[in-house]
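Presented below is the structure to which this report refers.
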Amino acid sequence: MDLTKLEEIQLDCAKRVIKIEVLKEIKTVGGIDVTFESSKENPTKAWACIVIISLDTLKPIYQKIIEDIVDFPYIPTFLAFRELPLMKRVYTEAKSKPDVIFIDGQGISHPRGCGIASHFGVEVGAVTVGVAKKKLLGNYEPPKETRGSYSYLIYNGEVIGVVLRTKDKVKPLFVSIGHKISLEKAIELVLRTSIYRIPEPLRLAHNLLQRLRKQVLGK
DNA sequence: GCGACAG
DNA sequence: ATCTTGTCGC
């Protein structure tokens, strides 16, 4: 594989990212996650799941899982080339589409401005938010211990996202613009959909996949 | 060269 | 991400 070529794709994708609000009303939020059968084998079986919740109740109103084979390895800053195919397929085949989609990973907080959440948003033409459990790059001050507190993630003197506390005294999340949304709105949505550390759409999608994986592995 | 390094 | 058990704190 030629990583230089893939870097060019990411740079081109970054130019097409829209960093402002385009939605006037948001009623549903979705989350897409991927899990793998094996962490060692390279071509390996994998599953992608989308869960859509109602912003009013925070309860799921739609969910779908697809299965496929993944052969691209995990390489830091190139995550999209491993997980995007599965994510795009589960989204395309879903009979219902959410107003906004949370993606497990970075949005524009990426060395070339195109993490998986932005990449997905641009390719699918959807509104997305990057919700990562760890930082990929940038510097920040620890946010206060109370839920709702946040500090800015800075890279090259620019704000590329926030470090957001979604639960008191629990490790914060790294939230960034994915596509067609403002950072302020992204923060508001992640907070509004978080009961536990991880926002409901992603937490539920992750839980469904973990249960399926254990079932398949016979445990 | 050394440390960092989404999932 | 996955590999893995119990354990401490709210």
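Each residue, glycine too, has its Cβ placed from N, Cα and C.
Record features, source TrEMBL:
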type	residues	note
BINDING	A:ASP33, A:ASP104	Mg(2+) binding site
SITE	A:TYR74	site 'Interaction with target DNA'
**OP:** Would you mind listing, in sequence order, the residues at least six apart from A:TYR74 (site 'Interaction with target DNA') in the same chain with a Cβ closer than 8 Å to its Cβ?
**Re:** A:ARG82
**OP:** Could you list the residues of the same chain, at least six apart in sequence, whose Cβ is under 8 A from the Cβ of A:ASP104 (Mg(2+) binding site)?
**Re:** A:GLY31, A:ILE32, A:ASP33, A:VAL34, A:ILE116, A:VAL131, A:ALA132, A:LYS133, A:LEU202, A:HIS206
Original post:
When you measure from the Cβ of A:ASP33 (Mg(2+) binding site), how many other Cβ atoms are you left with inside 10 Å?
Top reply: 28
